[in-house]
Every structure is written in structure tokens, then in C-alpha cells.
């Protein structure tokens with residue numbers, strides 16, 4: 001058996017999230033179904049770097065799977081893209097050592113949250129950005145972002161639904177990218193809790209629109225209390241951008 | 001009665017084109033259904049600047065309709081956008097003279113055709129660009145574009161399905177916009193024949209990929225023979241960009 005690592009992108013709009021769930025269309029189930037076809041009916045288990053929720057997109061999710069086949073990397077890409085529906089695209093396939101693990105070996109993840117600032121909604125971006133047509137103070141958001149850098153217990157930015165106990169994570173980069181009609185919140189960290197980027201995004205929008213002050217961030221973090229942070233921003237603005245090993 | 005002009009955008013992906021057809025989801029039928037609700041069940045006829053085919057997008061389609069209501073323009077926009085599905089967005093509503101006509105009064109139309117040049121497909125743009133991952137000679141396409149400027153009989157660039165007799169149209173602008181990962185063919189003219197922009201797009205791609213020469217364009221035009229032009233490029237790369245009166 002050979003272990004293969006694949007970098008994939010997907011439009012989250014049509015999926016009930018990444019992970020297999022009974023009777024739901026998920027990214028993992030589509031991947032496993034394509035691989036099973038390639039393996040003549042033999043089930044192939046796919047392991048992802050982590051889950052993404054319904055509606056959340058991926059520009060560079062990473063998965064691994066084991067196969068008895070020796071196929072050139074370029075041909076894996078072609079074969080899988082032919083088998084897969086067109087809302088999943090395989091970008092890269094590499095053979096990796098047998099002990100590579102897409103989830104356990106993650107060093108860094110990058111997430112981005114795209115906010116569309118135009119006055120009117122944009123039909124072409126409605127599934128790919130969160131439309132927020134209100135005034136935003138970008139400087140205030142940048143100040144808020146600086147407070148989350150470093151190692152913190154992010155309990156305040158974690159959905160109560162989580163089963164994780166250790167809520168300490170390190171954020172290496174928190175950048176606000178200003179584009180023509182968009183504001184993009186970019187986060188790089190050693191890991192992210194359930195809904196963490198969406199709650200950070202929602203909190204940043206409240207800071208930007210003046211509902212709270214950037215200087216409230218340290219107290220929100222210290223309180224370790226979800227109810228002190230902002231709303232969870234909608235899933236369709238969120239992208240798992242890349243995973244580093 | 002007052003005549004209202006509205007500028008609208010739509011994602012063509014989910015429509016069987018602009019025009020009403022029995023048992024099909026069309027842009028016109030969604031607009032008329034929203035207006036009928038606003039008018040308490042009274043049918044309101046919508047007239048567009050022209051049709052767009054299934055899958056074709058609009059960034060700035062223009063329509064008109066008559067109404068007995070006196071509503072502020074900003075409130076028309078809000079009311080209609082609330083009634084309409086989210087793949088149609090009303091951008092502007094203006095009261096116009098009673099004799100304004102969205103189709104007969106058109107002075108100029110702009111269409112754009114978006115070609116995605118990345119090696120791999122892009123899941124987020126798959127419904128909004130035509131993915132063409134082959135080498136393209138932009139200079140050759142620019143040369144081809146120059147030949148279509150001015151007044152010509154465009155029979156060679158018109159689907160055989162058309163019922164129009166006069167196939168003479170004037171092209172004022174034909175520009176190739178080079179973006180980071182895209183090539184955009186931009187056309188401004190006094191009118192366009194059925195499938196004209198898609199056939200021009202397909203022909204330009206054949207010129208760009210070396211299958212034909214830019215200098216073949218004059219002979220293709222003169223022949224007035226559809227079979228001498230290139231393939232019809234797919235609908236989902238095409239945008240009715242704006243309409244001028």
C-alpha cells in the first residue's frame with residue numbers, strides 16, 4: 001500500500017460539510033465514492049486535515065488515503081477529477097511516507113473570511129462572500145486582530161458544541177486584507193476551534209461597525225466565555241485556505 | 001400608470017434563460033411573479049432589453065414595467081429584492097417617460113465573455129467563467145478583434161436558429177482585457193445577433209490557440225456563412241454587462 005496526500009478545493013454551497021454523515025451529501029463521502037469506483041468497489045477511507053461545516057469552502061484542504069495502485073501523480077489528478085462532481089477539484093496528489101497523517105501532522109492552517117462591502121448584493125458572489133453593506137472602520141478591526149496574536153485560551157471564540165477540552169491555540173498571523181470591494185480576514189494558526197474563525201469574523205465586524213471597541217478584545221479572551229464574543233458570521237464567507245505540514 | 005425602468009443583475013446558472021417559457025424557471029417569470037405579488041394579484045408585464053440564454057449572466061440587464069403605484073425608487077428596490085429569489089438582484093429603479101421602451105430604445109449594449117486561464121479548474125468560478133487551460137496568443141486575439149469593429153453583416157456569427165432578417169450590426173468597441181487569471185472579451189455594439197458573442201468568443205479562442213489566423217476574420221465575415229466561424233463558446237462565460245439608452 002502507498003499513502004497519497006491530496007490537496008483539494010471545494011465549493012461548500014452544496015455540501016452538508018466535509019465529514020461523512022448518514023444520508024447527507026458531504027465532501028468526504030464524494031471523495032470516498034470516487035476512490036471506491038477507482039478501486040473497483042473496494043472501500044477507501046479518506047482522512048482530512050479537519051472538518052469544515054456546511055457552506056464553508058476550501059481552497060486548499062488536505063486529505064490522505066492508502067492505495068495499492070502505482071499511478072503517476074498527474075494521472076491521479078485526472079482520474080479523480082473525472083470521477084468527482086464539479087464542486088470538488090483535486091489540485092495536487094503526492095505520494096508521502098506511510099506514516100504521514102493529514103490531521104495529526106498539521107503544523108499550520110490558514111483560514112480566510114471574505115466580507116463583501118458593496119451597497120447592493122452581488123449575485124455572482126452571494127455564495128462566496130458575506131455581504132455586509134455597512135460602514136466599517138478598518139483601523140479598528142486591525143487593532144482587534146493584533147490582540148488575538150500569540151497563544152491564548154480561545155474558549156470565548158469556540159462554539160459550545162465542541163468536544164475539545166484544550167482550547168489553547170496559537171495565532172501566528174491575523175491580517176486584514178483590503179480589496180476593491182472586499183475585506184478579507186486572514187488567520188494563520190497552529191489550529192482552530194469549532195466556529196472559531198466565524199466567531200472572530202463576527203466579533204471583528206462588530207468592532208468595525210462600532211458596536212464594540214477593539215480594546216475589548218483582551219477582556220473577551222480572558223473571560224473564556226462564549227457569550228462575551230460577537231455573533232458567529234455566516235458559513236459561506238469562510239474558506240479553509242491552506243494547510244501546512 | 002407610471003413606467004418604471006429597472007437595472008437588474010442575475011446569475012444565469014439556475015434559469016432556462018431570460019424569457020418566459022411554459023414550465024421553466026426564467027428571469028422574466030420570476031420578475032413578473034414578484035411584481036404580481038406587489039400588485040395584489042394583478043399581472044404586471046415585464047419587457048426586457050432582450051433575451052439571454054440559459055446559463056448566461058447579467059450584470060446590468062434593463063427592463064421596464066407599468067404600475068399604478070407611486071413608490072420611492074429606493075423602496076421599489078427594497079421591496080422587489082425582498083420578493084425575488086437571491087439569484088436576481090435589482091440594482092436600480094427609475095421612473096421614466098411613458099414612451100420609454102426597454103427593447104426598442106436601446107442605443108448600445110455591452111457584453112463580456114470571461115475566460116479562465118488557470119491550469120486547474122476553479123470551483124468558485126466554474127459557473128462564472130469558461131475554463132480554457134491552453135496557451136493563448138493574446139496579440140493574435142487582439143488583431144482578430146480589430147477586424148470586427150464597425151458595421152458588418154454578421155451572418156457568420158449568428159446561430160441558424162435566429163428569426164432576424166437584417167444581420168447588419170455595428171461594433172463600436174472590441175477589447176481584450178487581460179486580468180491575473182482571466183481573459184475578458186469585451187464588446188460594445190448597437191445590437192447583437194443570436195449567439196453572436198458566444199460565436200465571436202469561440203472564434204477568438206481558436207485564433208488565440210493557433211487553430212486559425214486573425215487574418216481569416218475578414219473572409220469569415222464576408223462569407224456570411226455560420227460554418228466558417230468558430231464554435232459557440234459555452235453560455236456560462238457570457239455576461240450582458242450593460243445597456244445604454
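Cβ coordinates are placed from backbone N, Cα and C, and glycine is handled just like the others.
Predicted automatically and left uncurated, TrEMBL annotations should be read as such.
Annotated features, as they stand in TrEMBL:
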type     : residues  : note
DOMAIN   : B:6-105   : domain 'Pseudouridine synthase I TruA alpha/beta'
ACT_SITE : B:53      : active site, nucleophile
BINDING  : B:111     : substrate binding site
DOMAIN   : B:144-245 : domain 'Pseudouridine synthase I TruA alpha/beta'
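On the backbone, the CA of the residue listed as 'active site, nucleophile' and the CA of the residue listed as 'substrate binding site' stand 13 Å apart. A count of other CB atoms within 10 A of each Cβ picks out B:111 as the most crowded of the recorded positions B:53, B:111. Break the domain 'Pseudouridine synthase I TruA alpha/beta' (B:6-105) down by DSSP state and the numbers are 26 helix, 27 strand, 47 coil. Note: the domain 'Pseudouridine synthase I TruA alpha/beta' (B:144-245) comprises 37 helix, 30 strand, 35 coil (DSSP; helix = H, G, I, strand = E, B).
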